[in-house]
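Database features, via TrEMBL:
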- 24-471: domain 'Major facilitator superfamily (MFS) profile' (DOMAIN)
- 21-41: transmembrane segment (TRANSMEM)
- 91-110: transmembrane segment (TRANSMEM)
- 116-138: transmembrane segment (TRANSMEM)
- 150-172: transmembrane segment (TRANSMEM)
- 178-199: transmembrane segment (TRANSMEM)
- 211-231: transmembrane segment (TRANSMEM)
- 279-303: transmembrane segment (TRANSMEM)
- 309-333: transmembrane segment (TRANSMEM)
- 345-365: transmembrane segment (TRANSMEM)
- 371-391: transmembrane segment (TRANSMEM)
- 412-429: transmembrane segment (TRANSMEM)
- 449-467: transmembrane segment (TRANSMEM)
Amino acid sequence: MKIVDDIRRPVEKPDRLGLQDGLILITLCSAQAMVGLDFSIVTVALPEIGRDLDFATTSDLQWVMTACVLPTASLLLLFGRVADMVGRRRLFVAGLAVLTVCCLLAGLATAPWTLIAARAGQGVGAAMVGPTALALLTSSFPEGPRRTRALGVSGALLSLGFVLGTIGGGLITSGLNWRWTMLILFAIGAVSLVGAVTLPPTAEDRGASRLDVPGAVLITMGLLALVYGFSTGGANGWTSARTVTALGVGAVLIAVFLPVERRRRVPLIEPSLLKRRTVAWAGLTGFVTFGMCGGTTMLLSLYMQDVLAYSPLAAGFGFVAEGAAAIVAGVLAPRLIRKVGAVNALIAGLVVQGTGTAAMVPLPLGGGLGLLLLTSGCLGFGHVIAVVSFIDTMTSGLRGDEQGVAGGLAQTAQFLGTTVGVAALAAVISTRTRGPARSDVLDALHDGMAVGALITFMGALVALVMLRGTARTDRQALPGGRRRST
């Protein structure tokens with residue numbers, strides 16, 4: 001079977017998504033949701049995994065998560081460029097196959113090292129799927145209402161996948177066995193793979209055929225060191241030699257990467273791409289919204305389990321409001337973007353997310369379920385509005401052969417932002433916790449929530465100052481006289 005790339009249409013179609021659009025969207029979104037599930041569903045199952053496979057220490061058990069995060073976050077940009085070179089659909093199918101097979105291997109693991117190796121393979125597959133799925137989505141739907149509608153569906157399903165993962169992980173481990181978490185992912189991957197290979201063939205739009213090896217090595221190793229440092233800093237100590245060395249090496253490699261790219265004839269990332277405000281500053285806001293949503297969600301989980309004494313399963317159900325609000329936001333985001341523009345919608349989403357986080361500061365020592373559901377719903381609603389808007393802003397106005405790298409940049413903002421955000425807010429509560437009492441833990445959580453809200457509001461301010469100009473100068477007309485910002 002001939003595998004080709006972008007799914008493009010030469011003429012603008014009505015806002016409504018057709019049958020073929022639905023097939024494309026279901027396939028791409030199910031693969032992206034699978035990546036999200038792969039992270040959230042395992043978190044709940046970690047204690048049972050440790051007991052079943054006899055992990056020696058808690059730090060060893062944490063590698064079940066770290067082994068997947070490291071290759072995912074560090075390889076996204078590389079595979080984004082490779083997708084533009086060899087064909088996005090080809091790499092998407094290959095990545096989905098790797099991810100699916102490794103889910104099966106993880107479910108059949110009989111020792112810690114076999115599970116960690118399978119999880120690392122899942123991370124590589126996720127790094128192949130992430131940027132290619134996003135690039136296929138943005139290139140499948142031309143700029144305008146149909147693309148924003150597709151992004152809205154994608155954003156809602158990603159957030160819903162996280163919530164279903166936390167609930168499903170608890171249900172599965174309570175009633176069955178942790179291995180079913182991996183086997184269910186294998187089944188989802190198999191169905192998605194069938195959809196991927198049966199997508200209609202389309203014309204390719206490839207970029208440079210030569211890979212920038214020095215740039216690829218520098219950025220991959222730099223991101224790997226940074227993510228390792230942030231992922232293990234809490235366990236190793238933020239001032240330990242291992243953590244400081246990892247973060248320092250990562251920062252140096254990324255700093256060297258930028259001037260190297262300016263001198264390359266065929267760079268991994270075109271410097272002109274990073275100079276676009278809609279790419280650089282929208283990417284930063286994506287980093288903020290993912291980082292603070294991920295970090296705040298971690299704080300809410302600690303609040304429900306350590307302060308309210310919820311079971312892991314009950315804590316999973318505590319995120320139902322966040323998931324429901326995410327679905328509503330995914331439906332409303334395209335309409336909001338068409339009405340006020342992507343940049344204004346991005347600002348509004350960050351403000352709503354920050355407001356929901358700030359409203360968590362009064363969460364009480366007992367009860368308060370109504371406030372918990374209301375504030376987490378506000379968090380989820382604003383987050384999805386911000387996610388759809390930042391991706392719409394970041395990918396608009398780009399050439400077809402730039403969509404893969406843009407997808408890699410957007411996905412890197414997601415994974416790196418989440419890693420840094422969780423680590424940063426965890427460090428806040430670690431330093432602010434004065435004792436083991438529930439009231440001491442609650443005070444520290446309140447401090448973390450206040451910091452998360454402040455950073456989110458700062459992200460909204462960045463979007464207001466650095467991106468509002470694009471709303472005036474880069475506005476594009478849409479059918480029917482509508483206009484939107486990019």
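From the backbone N, Cα and C atoms, a Cβ is placed for every residue, glycine too.
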Per Cβ pairs under 8 Å, the stretch of 21-41, 116-138, 279-303, 309-333, 412-429 packing most closely against the transmembrane segment (211-231): 412-429
Whole-number mean of pLDDT values that fall within the domain 'Major facilitator superfamily (MFS) profile' (24-471): 86
Distant-in-sequence neighbours of the transmembrane segment (449-467), which means Cβ under 8 A and at least six residues beyond its ends: 277-278, 281-282, 284-285, 288-289, 291-292, 295-296, 299, 343, 346-347, 350-351, 353-355, 357-358, 360-361, 363, 393, 421, 424-425, 428
Among 91-110, 178-199, 309-333, 412-429, stretch most in contact with the transmembrane segment (150-172) (C-beta, under 8 angstroms): 309-333
Close approaches to the transmembrane segment (178-199) from elsewhere in its chain (Cβ under 8 angstroms; 6 or more beyond its ends): 1, 3, 7, 23-24, 26-27, 30-31, 33-34, 37-38, 41-42, 45, 48-49, 52, 89, 92-93, 96-97, 99-100, 103-104, 106-108, 168-169, 172
Long-range environment of the transmembrane segment (345-365) - Cβ separation under 8 angstroms, sequence gap at least 6: 282, 285, 288-289, 292-293, 296, 299-300, 303, 307, 329, 333, 336-337, 371-372, 374-390, 393, 438-439, 442, 445-446, 449-450, 452-454, 456-457, 459-460, 463-464, 467-468
For the transmembrane segment (116-138), distant same-chain residues with Cβ under 8 A (at least six beyond the ends): 5-7, 24-25, 28, 31-32, 34-35, 38, 63-65, 67-80, 83-84, 88-89, 91-92, 94-103, 105-106, 109, 147, 150-151, 154, 391, 395, 403-408, 410-411, 414-415
Residues of the parent chain within Cβ reach of the transmembrane segment (91-110), under 8 Å, 6 or more residues beyond its termini: 3, 31, 34-35, 38, 53, 79, 82-83, 117-119, 121-122, 124-129, 132-133, 136, 179-183, 185-186, 189-190, 192-193, 196-197
Contact set, same chain, for the transmembrane segment (279-303): CB under 8 Å, 6 or more residues outside the stretch: 162, 273, 315, 318-319, 322, 346, 349-350, 353-354, 357, 360, 363, 372, 376, 379-380, 383, 386-387, 390-391, 393-394, 398, 406, 409-410, 413-418, 420-422, 424-426, 429, 441-442, 445, 448-449, 452-453, 455-456, 458-460, 462-463, 466-467
